[in-house]
Each structure stands twice: as C-alpha cells, then as structure tokens.
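**Q** These came from Swiss-Prot, pasted as-is:
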TRANSMEM  25-45  transmembrane segment
TRANSMEM  74-94  transmembrane segment
TRANSMEM  97-117  transmembrane segment
TRANSMEM  134-154  transmembrane segment
TRANSMEM  190-210  transmembrane segment
TRANSMEM  222-242  transmembrane segment
TRANSMEM  259-279  transmembrane segment
TRANSMEM  286-306  transmembrane segment
TRANSMEM  311-331  transmembrane segment
TRANSMEM  366-386  transmembrane segment
Amino acid sequence: MLLALAQWLQNDYSFLRVVNYLTFRAVMANLTALVIGLAAGPWVIRKLTELKVGQAVRTIGPQTHLVKSGTPTMGGVLVLVSIAISTVLWCDWGNRFIWVVMLVTLGYGAIGWVDDYRKVVYRDPRGMSSREKFFWQTLIGLVAAVYLAFSVSESSNVRVWDLFLSWVEGGLSLDMPYKSNLIVPFFKEVSYPLGVAGFIVLTYLVIVGSSNAVNLTDGLDGLVIMPVVLVGGALGAFAYVMGSSVYSKYLLFPHIPGAGELLIFCSAMAGAGLAFLWFNAHPAQVFMGDVGALALGGALGTVAVIVRQEIVLFVMGGIFVVETVSVMLQVTWFKITKRRYGEGRRLFRMAPLHHHFELSGWKETQVTVRFWIVTMLLVLIGLSTLKLR
C-alpha cells in the first residue's frame with residue numbers, strides 16, 4: 001500500500017523514491033511488525049486473561065510446568081496480526097507470491113484458532129480431531145501446491161494459467177521448466193526434475209510437515225519462536241537472491257521473478273516473532289497456541305518451496321525435524337513393544353525431545369537456549385549454501 005502511495009507521490013516528493021528499494025521496505029516491515037507487537041502485546045494479554053483463555057497443563061509432564069496452568073494462550077493471534085498489517089503496508093500488492101504465503105499462513109492460523117478455541121472455551125482438551133485438522137491442512141496445502149507447481153517458473157498469473165491448461169490438455173503430462181527442479185545444496189547446478197505430480201506431492205509434504213513440526217516444537221517458553229525468526233530471516237535472504245536476476249545468476253541459482261518480495265513477509269515475520277518473544281520469554285506471560293505455531297510453520301514451508309530451498313529448510317529447521325522424529329519414534333516403538341511384550345516401552349523419557357531433556361535434569365531455560373544455539377549453527381550452514389556450491 002505504501003509502495004503504491006510513494007510511487008504516486010514521488011514526482012513531487014523525491015525522498016519517497018527510497019520506498020522503491022526492497023531492502024528499505026524489508027527493514028521497515030520488520031520494524032513495523034516489531035512495534036505493533038510490542039505496543040499491542042500488553043492489551044492482547046490483558047484481553048486473553050479477561051476472557052480466561054488459559055492454557056491447561058498436563059499433569060503427566062514435567063512438574064515444573066504446573067505453575068504455568070492458566071497462562072493465557074492463543075497469543076499467536078498477536079503474531080499473525082502484526083505480520084499481516086506490516087506486510088500489507090510495505091509489500092507490492094501485485095505480487096502473487098505474497099498472497100499465496102499470506103493465505104496459507106492465515107488459513108493455517110484459522111485451523112489453529114478453531115483448535116485452541118475448542119480447547120480453552122469449550123474445555124475440550126482434544127480440540128479439533130486429528131482427522132478434521134488433517135483434512136483442512138491437506139485442503140489448504142494441496143491448493144497452494146497446485147498453484148505453486150505452475151507459478152514458480154512463470155512471471156505472471158496469465159502464464160500460470162496457460163501452463164496449467166497445457167498440463168490438462170496434455171493428459172496431465174508436462175515437462176516442467178528447470179526452475180521447478182529440486183535444488184541440491186552444496187552442489188553446483190545439481191537439481192532433480194520433479195514433474196507436476198512430484199512437485200505437488202513434495203510441496204504438500206513440506207507445507208503440512210513444516211506446520212506440524214513447528215507446532216510440536218512449541219512446548220517451552222520461547223523455545224519455538226526464536227528458531228522461527230532465524231529460519232524465516234534466512235529464507236528471506238534466499239528470497240532476495242532468487243528474486244534478483246543479478247544475484248541469482250552470480251550465485252548460480254534459478255531466477256524466480258517476484259520471489260524477492262517475500263523478503264518483506266519474512267522480515268515482518270521476524271519482527272513480529274521478536275515482539276512475541278518479549279512476552280513469551282521465561283516465565284511466559286502468554287503462549288502462542290496452535291493459532292500461531294501451525295501458521296508460522298506453514299509460512300516457512302511455503303516460502304521454502306517458492307525459493308526452491310526445501311532441502312535447506314530441512315537443514316536449518318533441524319530442531320523442528322528432530323522434535324517431530326522423536327514423537328514418531330516414541331509412538332512407533334511404544335506400539336511395537338506393546339504388541340511384542342504386552343506393554344509399551346519408551347525410547348525417550350517423554351516426547352517431544354525437549355521434554356526428554358527436561359526430565360533428564362536440564363532446566364527449561366537451558367533446553368530453550370541450547371536449542372536456539374543449535375538452530376543458529378544450522379541456519380549458518382544453510383546460508384553457507386548460497387556460496388559454497
């Protein structure tokens with residue numbers, strides 16, 4: 001919005017030409033989201049407290065968590081509002097990728113909001129059933145995947161529609177452009193063609209998997225939001241490179257027209273995340289809830305797909321991956337041993353993995369900060385793939 005306004009007025013006020021620069025708008029988007037989050041945070045927390053939207057704490061978990069019972073949850077609304085306002089203010093409204101990421105983010109946020117609402121208002125600890133939640137995640141993920149399959153390699157929605165029609169008329173068979181290949185990090189010009197079906201399946205798995213992985217990681221004060229900020233910021237750097245015909249050519253990446261605008265969204269997400277951390281740091285004044293975790297995870301996955309960095313997301317988001325794998329291993333091993341020995345056995349003291357470390361004697365703040373440090377290292381490895389190829 002401000003970009004269009006500045007372009008309209010820049011002939012009379014030349015200083016407004018600075019708004020045309022993507023990097024300037026990215027910085028302003030970050031600061032705008034940060035200020036909105038910090039300013040609105042106390043009011044949001046107060047309202048959530050008045051509405052008695054409190055977190056229920058499981059008694060089977062670490063006993064130190066019992067004092068958190070009743071802490072306001074659904075604070076992810078603050079993050080999403082900050083991101084949405086800042087992005088709309090500073091982005092180019094004509095950019096199709098911005099709207100795809102925004103719709104996925106808000107769509108997954110809506111799923112999380114319904115889940116949280118049922119838990120805290122109806123006092124139903126189950127919230128949405130797994131089947132219902134998975135259905136809506138799948139629907140949104142597949143719609144985004146189908147659109148992105150034809151959008152990543154094209155420069156306009158008209159070209160996207162033409163490519164889609166070619167796919168349909170060709171009997172659902174189409175040679176996808178090079179830009180839609182799966183990029184292998186650390187190897188120069190090594191990529192694998194996915195085809196339309198492969199692209200859709202991979203995109204779906206990345207978006208849904210990332211959403212659920214971030215949600216599983218959200219279990220301690222401040223644990224998940226800093227990795228989201230770090231990974232989101234790094235993906236913003238990839239978006240800037242892929243969207244630039246100069247930098248993408250120099251660094252041997254495919255040029256994806258319009259991808260650079262995602263730097264605005266990623267910057268806003270980082271700013272909103274830091275603002276939320278101000279209130280979510282131990283001892284937390286508010287929890288994110290599914291409304292925030294599902295949305296932010298879906299956003300990371302969608303951005304990673306657009307900038308063709310699915311594998312790099314897997315690396316930088318290693319904490320999310322390990323947390324998810326720990327749950328899968330725990331459940332699988334429990335079922336196997338119950339069938340074989342008549343009673344279920346556990347690989348970890350408790351899953352996800354952060355609870356295992358807590359029950360092993362680590363303090364909550366130690367787990368959180370150490371997971372942050374690991375994420376910082378993984379993000380640096382991910383960023384190194386920009387040049388080390």
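We count from 1, first residue shown onward.
Using the three backbone atoms N, Cα and C, a Cβ is placed for every residue, glycine included.
Could you place these features in context, so I can see how deep they sit and what lies close by?
**A** Beyond the transmembrane segment (25-45), the same-chain residues lying 6 or more positions past its ends with a Cβ under 8 Å from any Cβ of the stretch are 2-3, 19, 72, 75, 77-79, 81-83, 85-87, 89-91, 236, 240, 263-272, 274-276, 278-279, 285-286.
Using a Cβ-Cβ cut-off under 8 Å and counting only residues 6 or more beyond its ends in the same chain, the transmembrane segment (74-94) has close neighbours at 1-4, 25-26, 28-30, 32-34, 36-37, 40-41, 44-45, 48, 53, 102, 105-106, 109, 112-113, 116-117, 120, 261, 264-265, 268-269, 271-273, 275-276, 279-280, 286-293, 295-296.
Using a Cβ-Cβ cut-off under 8 Å and counting only residues 6 or more beyond its ends in the same chain, the transmembrane segment (97-117) has close neighbours at 53, 73-74, 76-77, 80, 83-84, 87, 91, 127-128, 133, 136-137, 140-141, 144, 147-148, 151, 207, 211, 215, 258-259, 261-262, 264-265, 289-299, 302-303, 306.
Long-range Cβ contacts of the transmembrane segment (134-154) within its own chain (Cβ-Cβ under 8 Å, at least 6 residues beyond either end) map to 96-97, 100, 103-104, 107-108, 111, 160-161, 163-164, 167, 176-180, 196, 199-201, 203-204, 207-208, 211-212, 256, 294, 298, 302, 305-306, 308.
Within the chain, the transmembrane segment (190-210) has long-range Cβ neighbours (under 8 A, six or more residues past its boundaries) at 104, 137-138, 140-142, 144-146, 148-150, 167, 172, 174, 176, 178, 180-184, 297-298, 300-302, 304-305, 310, 313, 317, 320, 324.
Below 8 angstroms of C-beta separation, residues 22-23, 25-27, 29-38, 41, 45, 75-76, 78-80, 82-83, 86-87, 90-92, 95, 97-98, 101-102, 222, 225-226, 228-229, 232-233, 235-237, 239-240, 242-244, 285-286, 288, 292, 296, 299, 303, 306-307 of the same chain, each at least six residues beyond the ends of the transmembrane segment (259-279), sit close to that stretch.
Residues 41, 44-45, 48, 55, 68, 71-80, 97, 100-101, 104-109, 111-113, 115-116, 127, 137, 140-141, 144-145, 148, 152, 202-203, 206-215, 217-218, 224-225, 228, 231-232, 235-236, 239, 256, 259, 262, 265-266, 269, 273, 276, 279-280, 312-313, 317, 320 of the same chain sit 6 or more residues outside the transmembrane segment (286-306) yet have a Cβ under 8 Å from a Cβ within it.
Listed by sequence, the residues of this chain that lie at least six past the ends of the transmembrane segment (311-331) yet keep a Cβ under 8 A from its Cβ atoms are 182-185, 206, 209-210, 212-214, 216-217, 227, 230-231, 234-235, 238, 297, 300-301, 304, 346-348, 351-354, 356, 371, 374-375, 378-379, 381-382, 385.
Residues 185-186, 220-223, 226-227, 230-231, 233-234, 237-238, 241, 251, 282, 309, 312-313, 315-319, 354, 357-358 of the same chain sit 6 or more residues outside the transmembrane segment (366-386) yet have a Cβ under 8 Å from a Cβ within it.
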**Q** Report, as numbers and ranges, every residue of the chain located at least six residues beyond the transmembrane segment (222-242) whose Cβ falls under 8 Å of a Cβ in that stretch; write 'none' if there are none.
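**A** Hits for the transmembrane segment (222-242): 22-23, 26, 214, 248, 251, 253-256, 259-263, 265-267, 269-270, 273-274, 276-277, 280-282, 284, 288, 293, 296-297, 299-300, 303-304, 306-309, 312-313, 316-317, 319-320, 354, 367-368, 371-372, 375-376, 379, 382-383, 386.
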